[in-house]
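Pulled from TrEMBL:
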- 186: active site (ACT_SITE)
- 244: active site (ACT_SITE)
- 248: site 'Important for catalytic activity' (SITE)
- 20-38: transmembrane segment (TRANSMEM)
- 58-75: transmembrane segment (TRANSMEM)
- 95-114: transmembrane segment (TRANSMEM)
- 188-208: transmembrane segment (TRANSMEM)
- 220-243: transmembrane segment (TRANSMEM)
- 250-268: transmembrane segment (TRANSMEM)
């Protein structure tokens, strides 16, 4: 009899525990959903503001121009001052790959959910193909500049000995160093990615305002892009503080900004281009609502 009561009490306790855990799980899921909704709404409003986007351009310029002054006020032995730090190796060196992966998923979802047309989706995704071509072309141009302006030096205990080797390949093959004008490819790429992501994610505010479907997966992908954009800003600041010479960084950022202007600021507004972000997405959708509404 006592054994039966013990088994019954244990079963009842286990049942109550499952109920409590189930209730806690539902509360956590509700909180996660609320945070996802609130965070995506606020981020969409910020990124969709034309005024804030103009201020963002000023922010990037200030980071590159004045950021190097912070090198006199930071710890030179911090982890971010090392070329081999985790973020430099895993993120900065592969910045375009991360940007394409996250932003490609966002553009794919937004365009296809808004139009249900594969051709339109492919056209908008082609902006990333153009961006990849810009990145590759700029990298080759930077190497060409370094080759044309460089000279071969042999490091010695007393200093550097100038050699007459004509090009980088023969210089490096001889075990020497080739030194020329090196435009900061990292500053270029991070600046270009920041401007590109700000343009592409800004369309989400209009997407929500037109009452288009915005479930949890799309909102999560959008917030991941926002987080990546924040990371690029932070790593750009670290780059201009700890690495490269001043003019190399300024020129790299200027080239990145010019590449953005040629594409997003000029060419993408032409009919024979991939189109600007949001172009043709909302012509057949619902009229904008007075306030963003949750699905």
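Every residue, even glycine, has its Cβ placed from backbone N, Cα and C.
Those TrEMBL annotations? Automatic predictions, nothing curated.
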Note = The recorded stretch from 58-75, 188-208, 220-243 sharing the largest number of CB pairs under 8 A with the transmembrane segment (95-114) is 188-208
Key: Conformational class of residue 244 (active site) under the three-state DSSP mapping   = coil
Remark   = residue 248 (site 'Important for catalytic activity') and residue 186 (active site), compared by Cα position, are separated in whole Å by 10
Key: Top partner of the transmembrane segment (58-75) among 20-38, 188-208, 220-243, 250-268 - counted as Cβ pairs under 8 Å   = 220-243
Query = To the transmembrane segment (250-268), which of 20-38, 188-208, 220-243 is linked by the most Cβ pairs under 8 Å?
reply = 188-208
Ask   = Other than its close neighbours in sequence, what residues sit by the transmembrane segment (20-38), given a CB gap under 8 Å and a spacing of at least six beyond its ends?
value = 216, 219-220, 223, 294
Task = List the same-chain residues at least 6 positions away in sequence whose Cβ sits under 8 Å from the Cβ of residue 244 (active site), in sequence order, or say none.
result = 182, 184, 186, 187, 252
